[in-house]
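Novice: Okay, handing you the structure first.
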Amino acid sequence: MKDTFVEKVDDFVRQHDVLKERSTIVVGVSGGPDSLALLYYLLEKRAAKQFEIVVAHVDHMFRGDESHEDLQFVQDLCKGLGVICETIRINVSQYQKQYGMNAQVAARECRYAFLERIMKKYDARYVALGHHGDDQVETILMRLVRGSTPKGYAGIAVKRPFHNGYLIRPLLGVTKEEIVNYCNELKIIPRIDPSNKKEVYTRNRLRKYVLPHLKEENPQVHEKFQKFSMQMQEDEAYLQELAFEKMNKVITKKSDKQISLSIPTFESMSMPLQRRGIQLILNYLYEYKIPSSLSSIHIDKVIEFFKRTQPSGSLDFPGDLKIVRAYEECSFGFKQEIVSPFLQDLSVPGTITLSNGDKLVTEVSEDIPSDMNETVFVAKYNDISYPIRIRSRENGDRMSIQGMNGTKKIKAIFIEAKVPREKREEWPVVCDASGNIIWLPLLKRSAFAISKETAKKDKYMIIHYKSKESSGRIMK
């Protein structure tokens, strides 16, 4: 039986290219049968494969003396085996309250942070965990019942990037029963976590009431679920590539904390790519630390939000992420503090940097720019009173418009241009020393501006609006 177990794991490791020879492996060991079976399997292969083994154990301090005894058990075991052992006690309940998350998510974050630290300390290539085939079945069932993303429905990955190496699960090809039999043959007496039997947890109920029926239908059901998982992961990788490619054409603006997209262009994508496109945006903005409260329901909400007939509105997501729609554009970004009114003099020539990182640059020239687009303002030097002043908008602001009699409200210009309300407060209003509004960058020039057609040889004051926005590409 022992040889059969080892051979099955060998085949699985080889088939999925799980780990390479001459590697340092950090093994997560709780003291339970799964992690002990993994440790003993790797120790059996250590000499032939030239593995360096480091054991890592986390006491989450959920079970008082009992969990502390687990830690001591792992330390004593490693001492007897002559294996390096790194342990830590973490008050996960305190961490949970501090960051407002559920116990399982808090424990996972603390545990993975410790594993990453140990991986770095020993320059390890792999972190190995003891998830097995039954875990895979339970995970996929649980996500189907609760709802998840397409990536989530694929279940547990055999191998995925982690820190500067990989997180691997060599036992996904074997069942819990095979693991227990392997431990019995080696006369290993593992620690048992009583919480694994509590029926308050969905996973435990699936394990007790659903999994046995599936195994009655097919004793090798875990292999079918593993095959399903691999196919889902392969399909998902392809669709992710397509979504990434498409989204880089949909995105109109991108900064570290904000992404804007064109709704009509986004809606031209197929629904599978739309869902994945939203997920890519969330991954980028949350820096892959997606809040546990975020689910596929939120992605569906965004897609429904785009289909509404109202031209504007907003959604609030976990972690202070706000999604704001303004006509045919939608912006995803983190809530910012209220923009304070601003006033700043701009020398000629000179440069100022605006709060959003964009710049206004002035120059004096006898020639006008060849490209007189919305980012350029040109006036006769002597028609303007100096200094130039850059300020935030004020109630009642009006300006004379180039080629039009009378004046127009700045508010009306913003509305016509479909500028979102939150952007209006930080939009620069360019005035002269007499208080005349001479330019609303990117939107309207005043009657002080000259056109390319009417320009003659003269001395001109020129203002350029230079955006710091990077290209609309998102990170994978």
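Backbone N, Cα and C atoms are what each Cβ position is placed from, and that goes for glycine too.
For S30, G31, G32, P33, D34, S35, the entry in Swiss-Prot reads ATP binding site.
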Novice: List every residue in the same chain as S30 (ATP binding site), at least 6 positions away in sequence, whose Cβ is under 8 Å from its Cβ.
Specialist: H57, D70, V74, G130, R191, D193
Novice: Determine, from DSSP, whether G32 (ATP binding site) sits in helix, strand or coil.
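Specialist: Looking at the DSSP assignment, G32 (ATP binding site) belongs to neither helix nor strand, so coil.
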Novice: Name them in sequence order: residues not among S30, G31, G32, P33, D34, S35 whose Cβ is within 8 Å of the mean position of the Cβ atoms defining the ATP site.
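Specialist: Apart from the listed residues, the neighbours are V29, L36, A37, G130, P190, R191.
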Novice: Among all chains shown, work out which of the binding-site residues G31, G32 has the most CB atoms within 10 A of its CB.
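Specialist: That would be G31, with the most Cβ atoms nearby.
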Novice: Count the other Cβ atoms sitting within 10 Å of the Cβ of S35 (ATP binding site), across every protein chain shown.
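Specialist: S35 (ATP binding site) is surrounded by 24 other Cβ atoms within 10 Å.
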